[in-house]
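K.L.:
Annotated transmembrane segment per TrEMBL: B:6-26, B:33-52, B:72-91, B:98-116, B:146-163, B:199-217, B:223-240, in sequence order.
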Amino acid sequence: MTIALKAETKKYQRFFKTMGFCLGIFAMTLVSTMILPMRSAHAEKQVTVGVLVPLTGELGEFGTVVARSIELGVKQINTAGGTTCGKIRLVTRDTHGNPERGIREATKMIESEGAVAVIGPESGVMVALVDLAKRKKTVIMSPYAGTITLNKLGGDFVYRTVSSDLGDGDASGMWLTEKGYKKVAFLVQNEESTISPAQVAKKIVEKSGMKLTDFVIFNPGQPSYQAELISVLAHNPDAIYLAGGQQSGVTVIKEATSGGFAGEWLFTADLAVPEVFDNVGAEHINGRAYVEFADADRSLPEFKAFEKLYREEEGKEPGPFASNSFDMINLVALAIEASGQCSGSGINSAIRDVADGGSVVTTFAEGKAALAKGMNINFEGASGPLKFDKSGGVSGAYSIQAAKNGKWANEKFYPASVFKN
Amino acid sequence: MNWLQVILTVVTIGSIFSVVTLALNLQYARGGMINFGVVAYFAAGAYIYAIFTHPAPEGLDQYIIGLDWPWWAGFIAAGIASLLFAVLTGWPTLRLRGEYLAVTTFAFAEVLYSFLLNERRIGNGAVGLSNIERPIRDWGTIDEKYIFAIVAVALMFLTAWIFRKLLNSPYGRALDAIRDDEGAAQAIGKSAKRMRLQVFLLSAIPIGFAGALYAMYMTLVSPRLFTAEVSFIVWIALVLGGERTIWGAMAGTFGLILLEEVITSLPFESVSAAQNAAAMNHVVTGLLFIAVLRWQPFEWISKKLEKK
C-alpha cells in the first residue's frame, strides 16, 4: 500500500514538474519584453488603459496597426508628463476576432488590471462589450468598428473615432457610379461590418441605373469560393465589389483571377493593407483594383504631423485607422485630464466636452496646458475634427486608393461634407 | 495576475461547461452514444433564452421575434428548446451507432450553426443579439460576479446530483447493462432504443439551462460563440477527467478552463509581448495537454473523490 502510494506520488510529482517546466518556458519567452515595463509599473503613479485588438486572424494586420498607433500616442502623452492620474500604462491583449474571448479579456483588464478604458476592439467584439462597459462603468472605444448596430447601442460609455459603416457604403456606391461601370457584381462576406455597407452601396448602384449582376453573401473560412464565383464570373461584370476579410478575400481574388475575371475590383477596408499584394500577387491587381476605407484628410497639418511621427517611429507610412487610433488614446487622456477623475465614469463625463466646443488643440500637451488654465478645449486630431454624435460616433471622410506598382496609392478623397448621414 | 478574478472566471465558466460535460458523460460513458454536436443543444438554449427575453425589434434590427418576457420564462424555455431539439435530432439518428452517430450529430450541429449564421431574422445573423437580459445583479454589498459563480456552481451540482441519483437507481443499472451487452439486456426485456432516446432527451435539458446561463453571463448570443470548437472542448474535458465518473467530468472541465485562464492571464504592456503571447499560447497549451494526457491527474483526482 505504501509502495503504491509512493509510486502514485512520484508520478504526480513528475506531472507537476512537467507542467512547471512548460509554464517556465512560457514565462521566460515573455520575460524580456515584460520585465522593464513591469518594473516601471510599480515605480510611479499610473493609470491603466486596456488595448484589446485582434492581433491574430482575419483582422490581425489592422489590430497591429491600431495597437502600435496607441503606443505612439501613449509615448507622446507620457513624455508630456502624463495625466493627473499619472502616466498611462497599457495592457494589450488579443481578441482572436472572437467576441467570447473579447468579453473575457476585457473583464480581466477591468477587474484584474483596473483599466479605466478598453480601446481598440473590432465591430463584433465592440457589440459584445456594450453591456460590460455600461455595467462596469468603463469606457470602450474603437477606431474602426463601423457596425451599424452601434448606431443604436453607442453613446454612453461606448464611443468610436470612426464613422458608421453606412458612410463606407455611400463612398463605395459613389465610386462605382463615378467609374461608369455598366455591370457590377457584389461579393460580400457574411459579417455585420461587411453586409451593412454593401447594402447601402447596392442601393446607390441600383439607383444609378447600373446593372447589378449578382449579390452573393459568402461565409468566411471556406477552403474555396468556386461555388460563389460560378454565377458571378458567368455574368462577366465590369467590376466586382468585394467586401471580404484578409484571408477569405485573398482566396476569392485568386480564384476569380484564375477563373478568367479580367475586370476591375473595389475592395472594402479589410483589404486596405499592403500585405494583400504579397498574398494575391501584385501583378494580378496592379492597375485594376481599388480599395475604399474611412480615412483622415491627409492635407490637414495634424495628419501631416502624425504621419511624420509615425514614419520616424515605425519606419513606414501609417496604415489604415492609424490616425483614428492615435486620436482615440489622446481623447481618453484629455478626458481624464479634464474630469480629474481616474475612472471610466470620469472619462465618460468629459470625453464629449474635450472633443468639441472650446479652444482648438491638436496635441495632448496643448490640451493639458489649456485645461490647466481653466479653458474649454476642442481636440482636433490627426483623423480630423472629432465631434461625437448621439450614438458616440463621429462623421468621417473616405479615401479610394488604387493598386499601383505593388502599393496602394491615393486616387480620390471624399470629405465628410459630401455625406448626408 | 489577480488570482481571485482567475478563480471566479474558472468557477463560473467551468461550472457552466461542466453541466455540458456531465450531460455528455451520461450520453457517452453510460448511454454509449457519441454526440459530436453537443454545442447545438447549448446554442438552442442560449438563443431561445435570448429570443424570449429580448425586446421587440426596432430600427436597424433584423431579427423579427423578441418577446420581452421575464428571465425565468426564458430560462425554462431554454431547457424545453434544448429538449425539443434533442427530440428532433435524436429520434431519427439514435438508431445509428458509433462513428455514424458521431458524424450525424456533428452534421446537425453544423446545420444549426449555418442556419443561425445565415438566417438573419432569427438572431441578427453573424452579429447576433447583444445586451441579453442579465437578471443577476449585485445583492447589497455582494458583487454580481460572486452571485453568478454561485448560481453556476448550483446548476452544476444540481445536474450532477440528479444524474448520480439516476445512475445509482435500477434505471442506471439497466443503462449500464445495455451499454455492456445490448443483446443480453434486450433478452430480459430492456428496450435499448427507448432507453437511449430517454437518456439523450434527459441530458439535453440541463445543456439548455447551461446555454441560457451562458447567454446571461456573456450578455450576447452570436453564432461565433457556438462553433464546433465548443463540442471539442467538452470532449477534451471528458477525456482529461476520465469518462464514466461524475467527478471526472467536472475535474476535467475545471482543469481545462484553469489551464486556459492561467495562460491568458498575464498582463502584457507592449504590442510585441502580446503578439509573442498570442503566438506561444497554442504551443504551451499543446505541451500542457500532452503532459495532462500522459499523467492524467484529473482522472486520478476524480477517482479519489469517487472513492469518498
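Glycine is no exception: its Cβ is also placed from the backbone N, Cα and C atoms.
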K.L.:
If you count every Cβ pair below 8 Å, which range out of B:6-26, B:72-91, B:146-163, B:223-240 shares the most with the transmembrane segment (B:98-116)?
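P.N.:
Between the stretches B:6-26, B:72-91, B:146-163, B:223-240, B:223-240 has the largest tally.
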K.L.:
Give the nonlocal contacts of the transmembrane segment (B:199-217) in its own chain as ranges (CB under 8 Å, at least six residues past its ends).
P.N.:
12-13, 16-17, 19-20, 22-24, 26-27, 30-31, 33, 35, 38, 41-50, 71, 74-75, 78-83, 85-87, 90, 94, 132-136, 148, 151-152, 155, 159, 162-163, 166, 175, 225
K.L.:
For the transmembrane segment (B:6-26), what are the same-chain contacts with Cβ under 8 Å, counting residues 6+ beyond its ends?
P.N.:
35, 38, 41-42, 145-146, 148-149, 152-153, 155-156, 159-160, 163, 166-167, 199, 202-204, 206-207, 209-210, 213-214, 217, 230, 233-235, 237-238, 241, 243-246, 248-250, 252-254, 257-258, 261-262, 265
K.L.:
Mind checking which residues of the chain, 6+ beyond the ends of the transmembrane segment (B:33-52), have their Cβ under 8 Å from one of its Cβ atoms?
P.N.:
20, 23-24, 27, 63, 65-67, 69, 71, 73-75, 77-82, 84-86, 89, 94, 98-99, 101-103, 105-110, 112-113, 116, 122-123, 129, 132-133, 196, 199-200, 204, 207-212, 214-216, 221, 225-228, 230-231, 234-235
